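Record features, source TrEMBL:
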| type | residues | note |
| --- | --- | --- |
| ACT_SITE | K615 | active site, for sulfotransferase activity |
| BINDING | S713, K834, G835, H836, K837, Y838 | 3'-phosphoadenylyl sulfate binding site |
| DISULFID | C819-C829 | disulfide bond |
| DOMAIN | 94-303 | domain 'Heparan sulfate-N-deacetylase N-terminal' |
| DOMAIN | 313-516 | domain 'Heparan sulphate-N-deacetylase deacetylase' |
| DOMAIN | 607-856 | domain 'Sulfotransferase' |
| TRANSMEM | 25-45 | transmembrane segment |
Amino acid sequence: MLLRREMFRCYNSATRLLSCKRCSLLRSLVLIIALSIVSSLFFLYRVMDTGLHVPRANPPVPHIRCDSQPYFFNLNVDVSSHHRLDDKLRVAHRALLITEVPNSKNGQRIRYFLNALRIEVKFEIKSKAIPTLTNKKSGRFAVIIFENYNTYLDLDTWSRQLVDKYCHDYRIGILSFVRPVDESTDSFRHVDNYHISFHYNLALMDFRISEATTLWRIMKPSSIWKGALPDTWTIFKSNHSTYQPLAFSRILGRFSDADPKSYTYVPAIFDEGRIDGIPKVLFGSDLNFWLNSIVMMDALSYLSSGRLGLPLDRYIQVDVDDIFVGKEGIRMKVTDVEALVAAQERLEKEIDGFQFNLGYSGGFFLFGTDEEDDGDRKLIEYRHKFRWFSHMFRHEQPHKFPKEYIESAMKLNKQFAEENGIQVYGQYAVAPHHSGVYPVYEPLYSSWKEVWGVKTTSTEEYPKLLPSWKRRGFIHKGIMVLPRQTCGLFTTTVYSSDFRGGLVGLDSSIQGGEIFQTVLTTPINIFMTHLSNYGNDRLALYMLESLVKFLKCWTNFKLLSLPPVELGLKYFEMYPADKDPIWTNPCDYNRHLSIWPENKTCDKLPSFIVVGPQKTGTTALYSFLSQHPDIVSNLPTPKHFEEIQFFNTNNYYLGLDWYMDFFPQPDKPNTTLLFEKSANYFESDLAPKRVAALLPRAKIIVILMNPAKRAYSWYQHMRNHNDPTALNHTFYEVVSASDMASQNLRALHNRCLTPGLYAQHLVRWLDFFPAKQIHLVDSDELRNDPINVMHLIQKFLHVQNYMDYSQHLRYDPAKGFFCQVLSNKQNKCLGKSKGHKYPSMDHRSEQHLHSFYRKHNINLSKLLSSFETQLPEWLTTELKDIETPKT
């Protein structure tokens with residue numbers, strides 16, 4: 001109205017000027033300017049009035065149609081029995097992948113796909129020898145995959161017999177790709193022994209799934225994918241009864257829609273194993289074609305007797321984040337809310353138990369245009385139709401605020417729900433922008449529990465956003481954190497044109513692309529969507545309904561939905577190993593750094609760790625290192641003195657903040673090296689992985705002592721601490737204890753002997769750290785010549801300010817070892833519990849331990865070659881004794 005009044009005022013002024021009998025030049029100029037202003041204002045009014053300044057909403061309608069042919073065969077076979085898990089099958093949940101070259105595209109696709117299915121992969125190049133296939137009485141692999149089937153056919157006799165025998169003995173199969181060959185080579189190959197021919201480099205169209213096979217489990221047979229297939233293909237021809245075609249295609253350009261028999265070319269085939277007893281699945285192209293992914297999943301399940309199969313249940317939860325949050329012009333209106341309700345009713349028929357989860361921030365209620373405010377009111381009117389969960393009142397990022405503010409914001413959101421009659425599902429909550437969930441911000445977790453009683457949350461940030469198939473769940477402070485999945489729709493994806501590639505791009509993602517692959521490989525999916533995706537072009541509704549329809553067309557999945565807490569329990573029942581978190585360094589990832597409190601710093605993380613093992617001189621090394629002005633140890637702990645014992649105990653669940661609080665803020669972060677020493681990290685199964693996740697560039701220091709001597713030292717250590725078992729048994733009784741011994745005796749037996757299995761433990765550290773990051777110290781040299789040892793360690797750590805330890809260490813004859821030299825020239829030695837002189841080990845125990853550690857010491861000598869270091873003198877002596885046994 002104001003704009004109209006201004007236009008009429010200008011119009012009246014112009015009229016008065018025109019009515020003048022005399023019009024000077026100045027008046028003419030003013031008239032022209034006035035008319036120009038009127039024209040501009042009128043044009044602006046018309047543009048605003050017609051809405052041309054923003055795109056008009058045009059919600060697309062799902063258009064998925066299932067193309068299929070009637071079944072021609074009635075197999076009368078219980079297909080599921082071929083995928084049923086065989087408990088007698090002793091094979092690992094792992095695949096062996098043999099590729100042509102290290103970084104081939106298809107090899108990478110296969111590895112990524114297997115990783116998405118949580119299948120561990122052993123990767124080998126064809127030019128290398130076949131790796132060890134068995135481990136004692138069990139198989140190391142549940143399936144063998146050849147990137148190129150010709151690699152298998154052309155194996156040397158010994159390798160071929162090795163592979164075939166393994167497949168027979170453990171009843172597993174081979175999965176392979178028959179890749180198109182170079183144009184300069186023969187485009188045809190016949191394999192006489194297998195009665196099959198390969199025809200390479202054909203352009204195909206249409207892909208009709210065969211129903212005449214026992215392979216299918218996920219795949220819905222008889223469906224048809226129409227259109228040109230990507231790349232070129234190999235087709236298979238055979239008349240032998242062992243082969244079952246898995247699909248049929250047509251040569252590109254040669255077809256008749258009216259004749260289903262025109263599908264005569266076989267681009268994927270299943271060999272039941274009637275020729276050599278080994279079932280095989282062969283693909284005529286790679287995983288670049290989306291349907292091959294389903295075929296591969298069914299093949300993996302079948303060929304491993306169900307070991308590598310996933311359940312057919314697919315759980316789908318859809319969170320609508322940021323309800324009431326959004327700028328004017330992109331929020332939901334009344335018709336959008338009604339469309340949301342109608343879509344939920346349709347989806348309930350396809351997904352058992354489905355209900356939209358609405359995450360609300362009450363502080364933005366009625367912050368839109370008049371139409372959008374009516375949409376907010378309509379959401380409240382329909383509040384009982386949805387499951388509501390809490391964000392923050394003003395959509396605050398929790399990591400930016402103290403606990404008191406976080407709690408007050410949550411209470412405001414709770415008050416808003418009570419005032420508007422919203423029944424909030426308080427056991428589930430989501431933090432805006434994933435703030436405080438991971439990296440963990442402890443005040444958020446404690447506030448959630450105190451205000452709402454939260455038991456479950458979700459994030460896409462653990463351990464990282466990408467790749468999406470690596471996202472995992474974890475449990476922290478009793479709250480289950482579930483992995484969320486993105487679907488390409490974000491707060492800015494308002495219209496079809498906002499999606500990458502437009503509606504065509506979204507359709508591609510749904511029909512075999514990223515969104516479809518996510519559900520295909522992930523049994524539990526929590527999709528994150530936003531308020532703006534349900535207004536405007538309603539792309540979230542389009543995506544969800546299209547996806548469900550497409551899944552129904554092509555798979556036998558049973559689509560389900562559960563309330564968040566029940567879904568969390570289901571997730572950790574399926575993946576119990578995910579319960580324990582793996583802390584990573586927030587400073588290594590910009591996304592994590594952006595949702596980490598500004599007062600946090602990575603300067604308080606150690607540069608190196610002394611990992612043990614116990615009773616090898618770790619305390620002495622700790623004290624020598626602490627003498628250096630630029631090397632600073634952790635603060636002492638009430639329970640373990642100088643040791644934090646974070647990575648191998650329940651202290652790990654206390655979180656990253658707890659760990660970092662044990663380190664001082666260095667005055668010179670660029671030159672100061674923080675470190676910790678926890679001597680039982682070395683033999684821990686968990687410590688190497690946890691240390692590598694948080695400190696991937698950390699240096700690791702290991703001290704190696706004659707394992708027999710170390711075992712004896714531990715026994716005497718326990719006697720000095722009045723351990724009843726050590727006091728009541730001789731050393732020989734302890735180290736020779738059988739499995740039938742008492743629990744306490746077996747425990748002491750293990751604590752004496754297990755840490756000395758150096759090669760076994762060192763290999764575990766080498767799985768996560770390169771040899772160049774691990775420094776080995778000879779315990780005898782540390783005791784007898786610590787000055788040289790400390791100089792070598794400084795070199796290993798790249799200490800900028802070199803310290804001459806000859807001025808700071810002195811041998812103390814009374815103690816029998818080196819001690820620190822203080823400023824007053826006095827010696828500071830280790831405490832009374834260190835440096836004990838024990839009676840000599842009895843001969844029988846010595847002989848027993850020499851025999852027990854023989855093979856382990858041999859393995860250690862081989863392993864140390866990768867460290868470019870001399871063998872410790874004690875190990876050299878042990879190896880000589882092995883070559884010339886004592887009489």
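Every residue gets a Cβ built from N, Cα and C, even glycine.
Here the C-alpha separation of the residue listed as 'active site, for sulfotransferase activity' and S713 (3'-phosphoadenylyl sulfate binding site) works out to 6 Å.
Here Y838 (3'-phosphoadenylyl sulfate binding site) comes close to Y712, S713, Q716: these same-chain residues lie at least six apart in sequence, with C-beta atoms under 8 angstroms from its C-beta. For the pair formed by K837 (3'-phosphoadenylyl sulfate binding site) and C819 (disulfide bond), distance between Cα atoms is given as 16 Å, rounded to the nearest Å. Sorting the recorded positions K615, K837 by the number of other Cβ atoms within 10 Å puts K615 first. Confidence across the domain 'Heparan sulphate-N-deacetylase deacetylase' (313-516), taken as the mean pLDDT and rounded to a whole number, stands at 97. For S713 (3'-phosphoadenylyl sulfate binding site), other Cβ atoms within 10 Å of its Cβ number 21. Other C-beta atoms found within 10 angstroms of the C-beta of C819 (disulfide bond) number 22, with every protein chain shown included.
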